Structures are given as structure tokens and as C-alpha cells.
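> Handing you this structure, nothing more for now.
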Amino acid sequence: MGDFSVILVVLAAVVPVLVLAVSVYLLVNYQHPDDVNQAYFPKLVVVLGLSVAAVSILMLPADVANRQACRHALYNGACSLTLPMKTLWIAVYIADAVLVFFVIPFAMFYYEGDQDKSIAKRLRSALCWVIVSAIVCGLCLGILYGLVGKVDFTVRHLSSSVESFPSSWSGFSSGQPCISPLTRQCSAYTASASSETTWTMRATFPEYVVALATIVGSVLFSIFGGVGIACLPLGLIFSFIRRPKAVITRSQYIKEATELGKKARELKKAAEALHQEERSGNKGRKWRKNVKAVQKELLLLEDDMNALEEMYPQGEQAETTWAFTILGYIGKLILGIIGLVVSVAWVAHIVIYLLIDPPLSPFLNEVFVKLDSVWGLLGTAAFAFFCFYLLLAVIAGETMLGLKLVFITIHPMKWGGTLMNSFLFNVGLILLSSISVIQFCATAFAYYAQATAAQEIFGHTLQSLRGIKYLYKYNVFQYAFVGLSLITLVYYALFGWRKRKPTGRFQLSN
């Protein structure tokens, strides 16, 4: 146990530093050139949010390893010498909730504030919005906790008469295990249905906050994750199918570039008109709809420009550029196939282990256990990969639905072209979804994560909360996840192979 505990302590010290370094790397490489050397507070929030989300995902494998550290101990107090995982869980998820509901909205309000206003006015405006949000959230949490913040455990009351201690054990067998003249008639065996009762106790407030945040995250996770689990690999595969097959001629390039230039001028004119409406205070429903339309057209225009540059590489190393373009699409195909295998494994595991009662097989649970038997952290690494894949699916689903549905704002993540408001939005989505991802993984891998602090919080307590437990009792989120993934699969099978047709002249809606 000693060597295992030392490894845990070392990992607990090293992993957060590595996570912080990776978060800074992602920020530096994904940020938009307009945000270089400015917007330092939103950047700090982004790094902190990414770090908390990554650490929270890695805590469940650490929880499993922490449990294994004292599994073969010879004395009862050995587990008290390991990491205090329940306290760490509560601390991480309280920080998660504070970031999602207060810090990130404040940073977004400040970043998106009118640039013509002074810093003090932008800070005051953002602070007012956050205070109002905090008051509303606090009132809702307090009222809900006071009314229904209780846990209802179903228990069975057992009692029996006193029997004389037997003088001989020869009469006991698998067919007669009880101290009774009647075969197999133990008190637990003969207990009637009326012996079941409900044991009610009040949940702690931090656990209740985590539970409500999990519910909100589960709604987003079942929608975006269900769509993303299919569109993430299929998008890469169909991107290879729709790839440019050959380099176009110079005359074709000039023609396409001229059309894109006209579209860019139309969008610039529309953006200037919307900015003028914003300055005049006319920010109604129609204005927001037009802003969403312009954002979508700008995103599609940028994709068209990149596609045109791919089909007509220029410069002295044009042939080399074209070769790398082809290799890039081959890489997308390989990653898409790997992702498709992981997505199929996830959906199959949900159906086999969660939706069918009793489960047909532990499936991925057994895979992780066998990998752990090969090397202590191999199963842990595989488990962390499956959890991170779900987060990537959530981001892919949000991007796809943002392009298709009017009421969802588009916040794409692009290498070297992500503005801080999009960064903050996606970090908030990752943080909110990470809570439900952990709960989802703790349920889906209950065999692998048994007897952990996470299972105590997200299993027994969360699934017994009054008013919430029925969502988990009847697997509402799991059915929604699988259903949306199948719908997305059908959508890609019917329309995914088609190339997008160029849009006509863009006009703002009246």
C-alpha cells in the first residue's frame, strides 16, 4: 500500500501543474489575434475554468486508485491515510458552480460590454448583472433546499425472535442456512412487502448545490452530448468524403474569390447596420435574430474561404501545401474511424449496462479492470479518455446545433481564431457538463468505480434526492442521449455526404 500511496501523492502534485500548462497552451493557440496582449481577466478565467474541468474529470480515476490503495490493507484504519476524496469532490464542484454561475458570466458581461464605455462603467454593469443573477440563484437554491432538500432512502425493517445458540454446526448447509427448523425461512427471507419503508434525512447544502448543478448539466449533456457523440466522428469521416479531389484552375479561383468578396461586403454592410441599431438602443428580438444570422453567415464565409484556399494552393511550395492538405483529410478519416469505434462502444455500453435491467454484461467495466491488471494506471488512463471524449462530444454537438437552430448561439472553437466570449461560453459549457459527465460515468462504470466517494455523492445521495430521483430511476437522460445519437446518425446518413450549396444574397430580416 505504501508504494501505491506514494504514487498517488506524486500524481496529485504533478497532474494539476500539467493541467495548468495544457490550459495555458490551449489559450495561447486558440485565441483570436484581436485578443493578443489584452483581455487578461477573461483569459485568467478561461485557464482556471479549463483546469478545474480537467481536474474534475481526472478525479474519478484518482478516486478509484485511492480506493485501491487501501484495498489490501491489514488494518481497518488504512483508508484514513489516503486522500480525502469526498472533501476534494465537494471543494472542486463548489468551485465549478461558482465559476459557471458567477465568475464566467461576469467575465462575459465585461468582455462584451460597450467598448466606448470606460473600464469602470463596464465593471459596474457586469457586476450589476452578476449580483442580480446571484440573488435570483440564491433565492431559488434556498427555497428549494428548504422545501425539498431531503434524501429519501428506501429501507426494509427486519426483526426476529431470539433463538438459542446452537451446540453444533453440522446441521447448517446451503439448503439450511438459518437457525430455524424451517428450511430457508430467515427473517429477511420471509419479510413482507410492508416491511419496506422510507428513511428520510436532510442533504447537506453543498451536496444539494452539486445535485442541482448536475441536473442542469445533465439536460445540456443529454442534448449536446447525444448529438455530439454521433456528429463528432461522422463529421470527420464525411469531411474526408467531401474533400477537394483536385486543384482548381486560376480562372475558377478568381470567379469563386469574386463571389466571396461580394458576400463579405454584404455581411460588412449588415454588421454596420446592426452596430448602428445597437448604439441607438434598439436591441429587440429582431435584432438578436439578425445578429445570429450574421454570425452564422460569417462562420460559413470563413469556411468557404478556407476551402477555396485548399483547392488553389499558392506560393513556391504549392505542391507541398496540397500534399499536406490531402494528408490532413486522411488524418481526419483515421481519427473519425477511431472516434466512431469509441462512440459505438459508448452507446452499446449505455444500452447493455444501463438501459437493460438486469445488465447483460459489465462490458467496459471489465475492460478497465483487465487493463488495471496489466498495469495499475492503464485502466485509469482508458477511463479518463472515455470521459474526455464525452466532453469533446458536448462541444461538437453545441457547434452543430448552433449552426442548425436559430435559438442557440454559435460559439465555435477555432485554432488561432477564437474570441474570448466564445472561449468563456465553451469553458462554461465544459464546466457545467463536466459535473454531469462525472455523474454519468460514475453510473455507467458503477462496477469499476464501486465504493468510491464519487459513487457515494453521485450515486446514493443524488439518486435519492426528493423530486430528482425519478429522473435517474427511469433513466430519462440515458434514453434522451441514445435517442438523439440515433437521430443524428440518421441525419448524417441522409444528408451528411452532400456538399453545402452556396447561399444567395444576404439580407437582414425586417
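Every residue gets a Cβ built from N, Cα and C, even glycine.
Please treat TrEMBL annotations as automatic predictions, because they have not gone through curation.
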> Quick test of your reading of TrEMBL: among 147-201, 257-311, where does it put coiled coil?
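It is 257-311 that TrEMBL describes as coiled coil.
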> Compute the average pLDDT of the predicted model within the coiled coil (257-311).
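That region's mean pLDDT is 81.
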> Answer yes if the transmembrane segment (476-495) and the transmembrane segment (333-356) have at least three CB pairs under 8 Å among residue pairs 6 or more apart in sequence, and no otherwise.
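When sequence-distant Cβ pairs are counted, the transmembrane segment (333-356) touches the transmembrane segment (476-495), since at least 3 lie under 8 Å.
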> Tell me whether the transmembrane segment (333-356) sits in contact with the transmembrane segment (423-448), defined here as at least 3 Cβ pairs under 8 Å among residues 6 or more apart in sequence.
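Contact criterion met.
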> State the residues, same chain only, that lie 6 or more residues beyond the ends of the transmembrane segment (376-403) and have a CB under 8 A from a CB inside it; answer 'none' if no residue qualifies.
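Beyond its ends, the transmembrane segment (376-403) has Cβ neighbours at 4, 7, 53, 57-58, 60-62, 64-65, 68, 220-221, 223-229, 231-232, 235, 296, 299, 339, 342-343, 346, 364, 367-370, 409-413, 426, 429-430, 433-434, 437-438, 440-441, 445, 448.
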> Determine which residues of the chain contact the transmembrane segment (423-448) at the Cβ level, with the cut-off under 8 Å and only residues 6 or more beyond its ends counted.
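27, 30-31, 42, 45-46, 49-50, 52-53, 56-57, 59-60, 64, 93, 96, 99-100, 104-105, 107-108, 111, 210, 213-214, 216-218, 220-221, 224-225, 349-350, 353-354, 362, 364-366, 368-369, 379, 383, 386-387, 390-391, 394-395, 398, 409, 411, 413, 454-455, 458-459, 462, 472, 477.
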